Amino acid sequence: MQYRAFQTPDDVNLTEMVKKAVEILKRGPNGFVLFVEGAKIDHGHHYGNAYTAIDETIELEEVVQHVMDNTDESETLIVVSSDHSHTFGINGYPERGLDMFGPSSFLAGGMQKGGPPPKLPYPIMQYANGPGGTEDWAEFEAKRARLADMSETAEWRDPHYKQIAGIYLPKETHGGEDVGIFARGPGAHLLRGSLEENVIHHVINYALCQGDFATVCDKK
Ligand SMILES: [Zn+2]
């Protein structure tokens, strides 16, 4: 599949697939499991491009909203999570109202008291590693300097632009921190605090009255 940013009207997209899947699966009398992956979020990050990664995340949000609007909260468990993070980061202290895809202010306010002020602006969004980095220091500085000149729509939001990365790698890597789990419906109250990922599997089984929970559920 293409990124949503590159799709033509003839391309199949995630929203259409999920709408059709829910429509068909709802006809079954015994419930259903539907697994949906917004996989291009991951691809956008690997290629060091925040625009496509965020645009695909917005599409996933729209898909989740559609499923919420077309299922009954009293009988359908919806779980939204991720199997890993990325090295994508947001640098703090940008002024209110700035474009998140662009640079923070040149001098970053009062943060300069601890050392000499930076000569170059810093990006609000960046990667710790990936193809937006370089092993050539002059090239790295030139890319930072360019942040001050770029018009926001011309480059920052270009689906091919590679955000600055601290360490050059041909593809950005996954990250290692915890990810969120968001849920609604039967069993959603069990998904709270810090959990191992495999707990999600057991909560789904619980909601479906199957597996270890086949005999303990109250199947009405
Ligand atoms: Zn990946």
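Easy rule for this one: first residue shown is 1, then count along the chain.
Including glycine, each Cβ sits where the backbone N, Cα and C put it.
Where the annotation comes from TrEMBL, it is an automatic prediction and has not been curated.
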ASP42, HIS46, ASP83, HIS84 bind Zn(2+) per TrEMBL; candidate in HIS174, HIS189, HIS201 listed for that same site: HIS174
Cβ neighbours within the same chain of HIS174 (Zn(2+) binding site) - under 8 Å, at least six residues apart: HIS84, SER85, HIS86, THR87
Listed in sequence order, residues with CB under 8 A of ASP83 (Zn(2+) binding site) and six or more positions away: VAL179, GLU197
Close-lying binding-site residues around ligand 1 among GLU37, ASP83, HIS84, where CB distance stays under 6 Å: none
Which of HIS46, HIS84, all binding-site residues, has a Cβ with the fewest other Cβ atoms inside 10 Å: HIS84
